[in-house]
Every structure is written in structure tokens, then in C-alpha cells.
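Record features, source TrEMBL:
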type	residues	note
TRANSMEM	233-258	transmembrane segment
TRANSMEM	278-296	transmembrane segment
TRANSMEM	374-393	transmembrane segment
TRANSMEM	405-425	transmembrane segment
TRANSMEM	432-451	transmembrane segment
TRANSMEM	471-489	transmembrane segment
TRANSMEM	624-650	transmembrane segment
Amino acid sequence: SFVAGVVHPWRVNAFERLLWRACRGYLVASFVEMPEPMEDPATGESITWIIFLISYWGEQIGQKIRKISDCFHCHVYPYPESEASRADTMNGLHSQIQDLSVVLEETEQYLAQVLDKVALALPTWRVQVQKMKATYLVLNQCSFDVTEKCLIAEVWCPVRDLTQVQDALRQGSYKSGSSVECFVQRIPTSESPPTLIRTNKFTAGFQSIVDAYGVASYQEVNPAPYAIITFPFIFAIMFGDVGHGLLMFLFALWMVLYEDSPSLRQASNEIWLTFFEGRYLILLMGAFSIYTGFIYNECFSKATVIFPSAWSVATMANHSSWSSAYLATHPSLTLDPNVTGVFQGPYPFGIDPIWSLATNHLNFLNSFKMKMSVVLGIVHMGFGVLLGIFNHVHFQQRHRLVLELLPEVVFLLALFGYLVFLIFYKWVKFSAANSLVAPSILIHFIDMFLFTSNAGNLPLYQGQVPVQTALVVLALASVPVLLLGTPLYRCCRQRAPRPTRPVVRLGAVGGAQLEGCDGVVTAGAVPTQPDTAGEQEPLLEGQEAGNSVNAIKEDVESGGRSPDTEHLDFAEIFMHQAIHTIEYCLGCVSNTASYLRLWALSLAHAQLSEVLWTMVMRNGFVGLSYVGGVVLVPVFAAFAVLTVAILLVMEGLSAFLHALRLHWVEFQNKFYVGAGYKLCPFAFTPDTWE
């Protein structure tokens, strides 16, 4: 008789020894390794089994062999005695294998068809699951009413969108077939509402710059609309060049024209996405740089002769009778504007191109750009101070117009506004004829603070010293008003008796509450009875009880700023006002000096551009004959790469950061608090299924 089966390869040696000892040699065993590994049905492990075939004599020996096989967990299979039976068994096994192969193949095809259909429906299923999770996340933040049949939600909602919320609740109640109708009710709150600023693809970049400094407080003046003009203009002052501005403008224009392209919008590079989101900002920066480049008369550091020069070299040569020997010994010649016909008036637009040939053009441009930076800086800061008027009027803090805004304006104009007056007055009064006796504005400004006069520095006008003394005294007198005015007013206001207001307790209302810009809005279902004191709990987790009730309308309209609802501490108010006074007075000096970065970076950009042209591009024009044309190709390639890498990218980033600092520190801190928080409305983000 025969016993056939398979055994684990690790148990073969022990299995064979035990068979030999137990059966005392009354058997013949043959062991063969499987050609391919098979999976263990018990553990799922892939194993290369060992096939054994044992021939034995006697039934008792066969029983021993079967028991030993069971002990070694062998898989024993029936082995027919006759050759014909074995052939029939093999044919049957082959037929089963073929049938199973067909079944497996058809099953795989069916599963592939099912998966193909699932793959088509999977994006829709994913969106549905995400929407359901987002919906239930919001529903979990709601609370039940006393009947546990309605949900109450307290949320913020813009007043403009309140009608849409009501319609959405009405349609949802109708489509769901609910017997309970949802409704909206507005209730007041003393909490400061979130800030919602509606933007589009053009204004989003500028609003992001402001929000990076701080989100605007509720109903505070937003600097972003003004930054649309001032930010690119201040950038262009430091980046003024027609050629560089044109390259930046064309690059931004390409992004704007192809802004709907998926390859641009869905790029994975974070730096590229930063440029793409600010494409309109870059577009305006390039356009303004072209404008200031025409004013500076610089295009890749070279001047352009759009209009004829106002200086006449021929008239100067005829008047001076320059000889050949004089010209040979004097490589630099001076054009005297006092000679009739040499200077024919100011250039129609921008800087005269003859200054690009002058050896003293840096002295001329430094004086021009330095004074221009001071004038624009003081105007920019003054505009920021005046924007505070809207905040004081809107929040009904009219006392700050007299006790804070007025002293700030007086201090700024009496000192630095007077400096701007001196700059323009000197430009108007002195000409080329009497420029040698023109006094120094810097010395006059220093003497103004020292209450002295310098005999070597002539006055600009009669009675200058008394006027300057009066302005300094006026500026110093405004400091105590700025320091003590608001604390004393608020202290007196607090001590004055005030009429008491009745407090009305509001009962709980079933439904969902929606908070608007001037109060909480409640959308609910069925009115319920007022809760008892022990059962009442806040509508949202983490919210203090009573924050959305027992509040007056004035508190809501002032964004939680009403002084009547605050407990005023005089020491705290005085300390806050002292810090503000010191910061403003010292800031006027430091901020004015900070605007000189416009002059410094404009000069640096012009000099880098000139060095790049002289050291690189000029070498391509030195060669003669055909050699110059051959050399010009790699030279221009190097010039283009260095222009983009250094002047456009590095210098552009530097000018952008300096313009950002001037807006954040010098401009916005004059009126902008930025202590609010953004409104994060419930919405299904479209990015996941677009």
C-alpha cells in the first residue's frame, strides 16, 4: 500500500527518522521538492513543500505512518492502488484545475469591470463623503433645545448675506420634508465680530500684504485700497528703470493672460505659486517702474533722448572760445547755466539726458532723490495720520479727533511739514544766478531745534528764526496734549454719573443662531419655553454663558469698543497712551529718516545697472569687424542672465521688502490696529474636487 502527501521542509529530517525507527524499515520512502512554492492554507505563507510517497507492508505499519503524518501536520492525499485509477485521478485533477482557472479568469474580469465603474464614480463618492463629514462636523457643534427636537447654532453672518441664509434655511426645510420650519432671529452680542473683507483676483494680493501685518479690527479702515497705488509706486521709486520695469511688466502680463491655465494654477512649486498669486501686484510694480524709469531717464542704465536736451554745448563753446590746446588739456568741460543760451529751461519730462554724460551726475541725482524721498515720506505718513479720522468718527470717539489726531498733525506738520516747505521754497527762490549763496536746509533745520541762528548760513526769508521758534514750541506743546488728553477725558467720563439701562432676559429659541455684523442671528424651528438657570448652557462649546445676551445695540455697532461697558483703569490707560506718545514722537523722526531708503536703493539699483552694462555689455561692442559680432552673442547671454538674476530677482526682492516695511511700520502704524480675526465661513472647499 501507499501513503502520499506533503510535509513542511523544516520537518523533513525528523519525519524521516521517526518513520524509520517506528516502522523498523518496513517501508520505502521517497521525498521530492515541489518545483514551485505554494501558499499554506492555514497561515497564508508561501512555502516550497516536500512531496513524499511511502510504500509499506502490513496494515499496522500503515496506521503508524498515518499517525506520524498527523503528528507532523502533513497533508495526506489518497493514492489509488491501480495504474488506471491513478490515471483517472490525474485526469480529474487536471479538469478541476482548468475549471478553476476559467472561474478565476472570469472573476478577475468581472472585478476589473466593477473597479472600472467604481473608478469613474469614486471622485463623486469622495466629494459626497467630504461634504457629509463637513456637514456633520458643523452639526456636532450645534446644541439641542429643551425638547431635543431642534438644533441651535450660534454663528457669525454678514448682514448682506442674511437674506441668502434665510432662503437656504427655508429651502432646506422644504426639501427635507420637515414639519418644523427653520427661522432666523438676530440677537445682540458684546463680542467683537470677525472681519470679512471681500476681494477679487485683483485685490487679493494687496489684501494679503495687509493681512500679513495683522487682520483689520472690526469695521476699521482697511489700508489695502490705498496700497494698490502706494505700494507699487514706492517700489518703483527704488526700482526705476524703463527696461527692467518692462521685463517685469511683460512677465506679469503673461501670467495674467494665461491665469486660467491649469499648468500655471496647479503647479507644485511653492515659489512659483507665490509669484502667480501676486501677478497683478507684479504687473503694477512693473508699470510704475516704467513710469519712474522715464522720470529718471534710465533704460538699462542708459539715457534716452525723447526730447532735445535743454543744454547747448555749442553756445557754451562759442561763448568760451575753446581752442584745440584748451580742449586737449581739459578733458572735462563745464556748462555754465548763467551764460545766455546754454540752459534753455527745464526738460519736458524727467531728467535731462545730458546728465548721463556729466561727471557730477551723482551729486545732482543724490540731491534730487534725497529731497524727493523726504517729501514723499512725509506726505505718506501724513496721509496715514489723516486716515485715523475715519476710525475715530466711525467708532464715535470724537474726543480723539481733538485730543490725539490734532496734536499728531500739529507735531508732524510743525516740524517735518516745515521741512518740506523749506525744500520747495529753496527750489523756487534760488536759481542758477544766485545758487552759490543758497543756504543749507540741513543747517537751518538743526538750528531750528537749538533755537539759534548761524551767521554763516543766510536765512531763506525774513523772520525765519521767530517762525521756526514758534513751530518748535507749538510741536512741543502738542506732546502734553497727546500724552494726557485721552486719559484725563476717559477718567472724567467714567466718574460722571450715567443712567442705568434695563436688562431684559431672552428665552432660549429653538433652531440655529447666526451672528451678523451687528449682532447674532438665530435660525431655528419651534420657540420653546425659557430655560431655568440650572439647565441653561452655552450654545457653543467653550463660550461663556451670557456673551450673546444682555448686550446693547451700541456695543454691537462699535464692535465691542464702547467705553461705557469697560472698567477703566487710569494707570493702564495712561501707560498705554504714554507708549503711544513716545512711539509717535520718536517715530516721526526715525520714520522720516527711514524713507531715505528710497534714495539709497534707487541709487544702488542705478549703479548696479551701470556697472553691469560697463563690465559686461560694453565689452561686446569693443571688438572690430566680424569679431565684435561673434563676441556679442555670449556677452549678451551673460548680460541677460545677470540682469534677470541680479537686477530683476535680487534687486526686485530687496525693493519689495523695503516697500513692505515702509507700509507696515511707517504708514500703517499711524492709524491701523490690526487686532481682528478673519471670518472663516462654512464652505465646501472646491479645491478637492476641481
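Note: Cβ is positioned from N, Cα and C throughout, glycine not excepted.
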Thinking of Cβ pairs under 8 Å, which stretch from 278-296, 374-393, 405-425, 432-451 has the most of them with the transmembrane segment (471-489)?
405-425
Within the same chain, where does the transmembrane segment (432-451) have neighbours whose Cβ lies under 8 angstroms from its own Cβ atoms, ignoring anything closer than 6 residues to its ends? I mean 6 or more beyond.
337-338, 343, 418-419, 422-423, 426, 457-460, 464, 468-469, 471-472
Taking residues 6+ outside the transmembrane segment (624-650), which of them lie with a CB under 8 Å of any CB in it?
241, 244, 247-248, 300, 605, 608-609, 612-613, 616-617
